[in-house]
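Working notes, structure below.
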Amino acid sequence: MELSGKLRSKANFHAAPLYITLRNHASLHKCLYKDQFCSQIFWICDLSTFLFDFLPVVVALVQMAFFRSVSALSRLRSRVGQQSNLANSVRWLQTPSSSNTDLYSELKELVPEYQERVKKLKTDHGSVELGKITVDMVLGGMRGMTALVWLGSAVDPDEGIRFRGMSIPECQKKLPGAFPGGEPLPEAVLWLLLTGKIPNKEQVDSLSQELRSRATIPDYAYKAIDALPVSAHPMTQFTTGVMALQVQSEFQKAYGSGIAKARYWEPTYEDTLNLIARLPAIAAYIYRRIFKDGKIIPLDDSLDYGANYAHMLGFDDPEMLEFMRLYISIHSDHEGGNVSSHTAHLVSSPLSDPYLAFAAALNGLAGPLHGLANQEVLRWIRSIVAEFGTPNISTEQLADYINKTLSKGQVVPGYGHGVLRQTDPRYTCQREFALKHLPNDPLFQLVSKIKEVVPPILTKLGKVKNPWPNVDAHSGVLLNYYGLTEENYYTVLFGVSRSFGVGPQLIWDRALGMPLERPKSVTLEKLEQLCAKSS
């Protein structure tokens, strides 16, 4: 934090050595804990000639240091006591650890570099054309338009999703797991998506502990959910819980206090990590409220993020914990153009805080054409079993059932993709997990048989660009196997996972000064006029 204009006005030019020293630090609160600060104060005091000029400055700085100390002690006492009332928290102002295990410190070093890259792109290449916009794009939901920056991931039509340039198999190989050879920990994916760097196990463990320290839920968030009928859809209850958490937004408080634009990313970072940390407890409460006895299972301080989520849901099978780690990791991000990701970016662009942006993203995710797909797959598979009385059916019977589904004007859920032209690698890694842990499960074997039968049928129709299975074709069967059979809840799992991709981008949007998103629209008449001229 730089010296305020009011404070600087009290000091004459003789204060320059002190002011320069303070400006050389990223923020005033860091300087207050360095030896340079003390040496500057003593140096000033020795200059008795200027004592009266500097006295207001010294008094102001001492007052600031005092109140910072009181605030720090208050936060420590609150964390130790695990108090639920965090309304006055200002964690984004805390001095970050200088340890290389600290995510904030890592990010703070990267922000200036990325800001310079964006500045250079605007200055040197702002007029470069990225492509043409066609009528099909305008009328087809903007499909295929290159219109926004998304740092975390990109989808290649042939290779599938890449997280910061790394394929899913590479992530499984290089990112730390809970144990050697295990699935990537979601915390490792979060570190990668936010920094572009592969974390080591020590860094991931440190981030796990930090997320646990942020996971306290205020009582009014539970009360807000309880105000809804138990019959309300899980996603409705989930969005309500997220909106209740917004009361504690650090960005909202910082903006109201007049924080400089260049520092918007700091309280956004705090909101994002707080939100991600608290989502599993909110989501687990909704699950147990609707489907179980309503009792809260407390967080286990010995477990990582994915394992804790499964634990709070009520599952402690080590295989289920491992699958939850995999599930969150592969569902975390899917470039920026999908409905939930783009919605979060759009709503955040007018400086809505991460809670508001993510709640909007969840409402988009709740749509049948987005996040509800995996539950529809499981229901469709169950309808096949109900039709034949057993999952052990022949390929001929299955082909006949699929053709009947298509003849009714229905789609085969879990097949096709807006970008991919190959089997979704997220499907493949789930299949490999199933082959390792549940090769004899009847529903898994049926899923395998469906993969053999569906693509040739869809290819024969000649209208399908991608006849291959996507991520949703498999996840429901795995969840069902481990006992999470309530498919109406599956989209909440997706929502918790998607925060790992959306959150980092919201931080970078603020760090890079991304503007209010405001595309141009045309009327249908104007579009017809433009087409008439072009022809």
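Placed from the backbone N, Cα and C atoms, the Cβ positions cover glycine too.
Per TrEMBL, the feature active site maps to His370 (among others). Within 10 Å of the C-beta of His370 (active site) there are 16 other C-beta atoms, taking all protein chains into account.
What TrEMBL lists as active site is His417 (among others).
Taken from TrEMBL, the feature active site applies to Asp472 (among others). Using a 10 Å radius centred on the Cβ of Asp472 (active site) and all shown protein chains, the other Cβ atoms total 26.
Cα separation, Asp472 (active site) to His417 (active site), rounded: 10 Å. The Cβ of His417 (active site) has Asp424, Asn466, Trp468, Asn470 as same-chain neighbours under 8 Å, each 6 or more residues away in sequence.
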